[in-house]
């Protein structure tokens, strides 16, 4: 694939992600009910939102992987880096595979660090890459951590996608040699417990469930196919909420992404065991539709509302939130029982 073809594909992904963005997502958060406390017995001043992670993050949300690899997406990354710095949140790069193949594309990713010089940045490579490529991706961004993304469904549907999914040896090798923490993530199809246990056996400690319900790469890649012949996979995978249930009790540090649309979605994900919650589509949508300044104001208010919701629930930190009363829908409870998953 030529540089122009690679760049065009990256631009297509951004265009289609926005085209198919849904303001009401289907990630399962509507099936989770947090119960109102008439006597919260707390104050907003007492709330500590700092996540229970060894990353020194100040907030339980972060900007998750999106883009890079073309002049247009490089400009988006510059804005995203600037936004992360202004909000004081971590940010993950889009897949750096194209820049590892073509050094001329490195600036479209490195602009993240240029605009967020002191922030926490996660580099990003696919699980098909070896340890040397992972090290190069980290160096490219002077990254604080590395995401390894799992995207089998996307690759299957992508006309020019990979067809080799022998990934576990690569993941194990990257973990063994990495100088930074590793987060293994799905890109929109979620996890089942068996695969999470396999990752644990490889030495993985941090997992982003990347559940179904948000940016849908099955739909995006199918739209790029001339025959649109994979439409039946648009609902493939486990939702973000189902994936969090699959992860409960394993001892992994879970991050939750996929279909997060509101501060309440964030709090629900945290209550289900996520240590932090990432957003991609919502951030991209606001940047494209409203511009940088309005997006910054929106997410500043978003962070403030997280504090308000904690106080409303009568909790002051993540540990206390784990005891907040919660009810699952009948369908979600049936899923939990059918899969033999721990209770909440």
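Here the Cβ of each residue, glycine as well, is placed from N, Cα and C on the backbone.
Worth saying up front: this structure is predicted, and the values here are computed from it rather than measured.
If you look up Swiss-Prot, you'll see 9, 10, 154 marked as substrate binding site, on the strength of sequence analysis. What Swiss-Prot lists as FMN binding site is 65, 66, 67, 95, 124, 185, 215, 259, 260, 261, 280, 281. Marked as Mg(2+) binding site by Swiss-Prot on the basis of sequence analysis: 155.
Locations of recorded Swiss-Prot features on the structure.
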residue : record                 : DSSP class
9       : substrate binding site : helix
65      : FMN binding site       : coil
124     : FMN binding site       : strand
154     : substrate binding site : helix
215     : FMN binding site       : coil
260     : FMN binding site       : coil
280     : FMN binding site       : coil
* Between the Cα atoms of residue 260 (FMN binding site) and residue 155 (Mg(2+) binding site), find the distance and write it as a whole number of Å. => 24
* Enumerate the residues of the same chain, 9, 10, 154 excluded, that satisfy the criterion Cβ within 8 A of the mean position of the Cβ atoms of the recorded substrate site; list them in sequence order. => 12, 13, 69, 95, 158, 221
* Structure fact -> If you rank the binding-site residues 67, 124, 154, 215, 280 by how many other Cβ atoms lie within 10 Å of their Cβ, the lowest count goes to 154
* Give the sequence-ordered list of residues that share a chain with residue 155 (Mg(2+) binding site), lie 6 or more positions from it, and have CB atoms under 8 Å from its CB. => 161, 162, 163, 165
* To do: Could you check the binding-site residues 9, 10 and say which one's CB has the most other CB atoms within 10 Å?
  => 10
* To do: Measure from the Cβ of residue 65 (FMN binding site) and count the other Cβ atoms within 10 Å, all protein chains considered.
  => 24
* Asked: Out of 65, 67, 124, 280, the binding-site residues in the record, which is closest to residue 9 (substrate binding site) when you go by Cα distance?
  -> 67
* To do: Whole-number Å only: compute the distance from the Cα of residue 65 (FMN binding site) to the Cα of residue 10 (substrate binding site).
  => 13
